[in-house]
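Student: Below are the structure tokens for one structure; questions will follow.
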Ligand SMILES: O=c1ccn([C@H]2C[C@H](O)[C@@H](CO)O2)c(=O)[nH]1
Ligand SMILES: [Zn+2]
């Protein structure tokens with residue numbers, strides 16, 4: 001299938017350019033900072049963001065998205081009816097999943113991302129190499145809320161990829177995600193630029 005191969009080559013080249021662009025941006029930021037034009041020294045390397053088809057993800061990325069899709073089926077969302085699933089891979093290689101859990105008083109609700117991380121951290125897994133978030137939306141990527149971004153950041157020693165994909169509209173759909181389905185690969189530093197990280 002020559003068409004698909006050339007598409008894959010192009011997307012690989014694009015990812016390479018984006019990585020280089022980020023490196024250059026990092027260098028520019030550093031120089032601006034040294035010349036006193038920026039108050040906050042950028043210390044972090046940020047992963048490039050891109051949108052790919054599900055079948056173009058590596059095995060680990062596909063596994064995270066699939067785990068999040070399965071976790072979403074357990075969502076307890078009687079108020080918003082908006083079901084979310086999340087999955088995070090710990091440094092040891094274990095996948096922890098979670099769904100959103102709502103409450104009649106609304107405020108005590110827990111997002112899928114935090115459910116997954118709370119499960120993991122309570123079992124002594126405190127460093128993660130990647131995560132996935134899924135919810136159904138016909139034409140937008142649903143990214144983690146602000147609280148979850150801060151929560152994820154707490155357990156990321158460096159930038160980690162966050163895969164964002166749409167879940168199927170109906171829970172009984174099979175397969176749960178098609179090969180051609182678009183996946184946003186963002187990262188926690190992209191989602192949380194210039195974050196608060198320390199008061200020391
Ligand atoms: O990234 C997100 C965004 C929203 N929600 C949940 C919170 C609430 O239960 C429902 C509607 O906001 O979706 C998540 O779990 N994760
Ligand atoms: Zn959240």
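Backbone N, Cα and C define each Cβ position, glycine as well.
Reproduced below are the annotations present in TrEMBL:
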- 59-174: domain 'CMP/dCMP-type deaminase' (DOMAIN)
- 111, 145, 148: Zn(2+) binding site (BINDING)
- 113: active site, proton donor (ACT_SITE)
Student: Between the Cα atoms of residue 145 (Zn(2+) binding site) and residue 113 (active site, proton donor), what distance do you get, rounded to the nearest Å?
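Tutor: It is 9 Å, counting Cα to Cα.
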Student: Could you list the residues of the same chain, at least six apart in sequence, whose Cβ is under 8 A from the Cβ of residue 111 (Zn(2+) binding site)?
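Tutor: Correct list: 84, 86, 100, 144, 145, 147, 148.
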Student: Among 145, 148, all listed as binding-site residues, which has the most CB atoms within 10 Å of its CB?
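Tutor: Output for this query is 148.
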Student: Take the Cβ of residue 113 (active site, proton donor) and count every other Cβ within 10 Å, whichever protein chain it belongs to.
Tutor: 27
Student: So, by DSSP, how many helix, strand and coil residues make up the domain 'CMP/dCMP-type deaminase' (59-174)?
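Tutor: Each residue of the domain 'CMP/dCMP-type deaminase' (59-174) counted once, the result is 33 helix, 29 strand, 54 coil.
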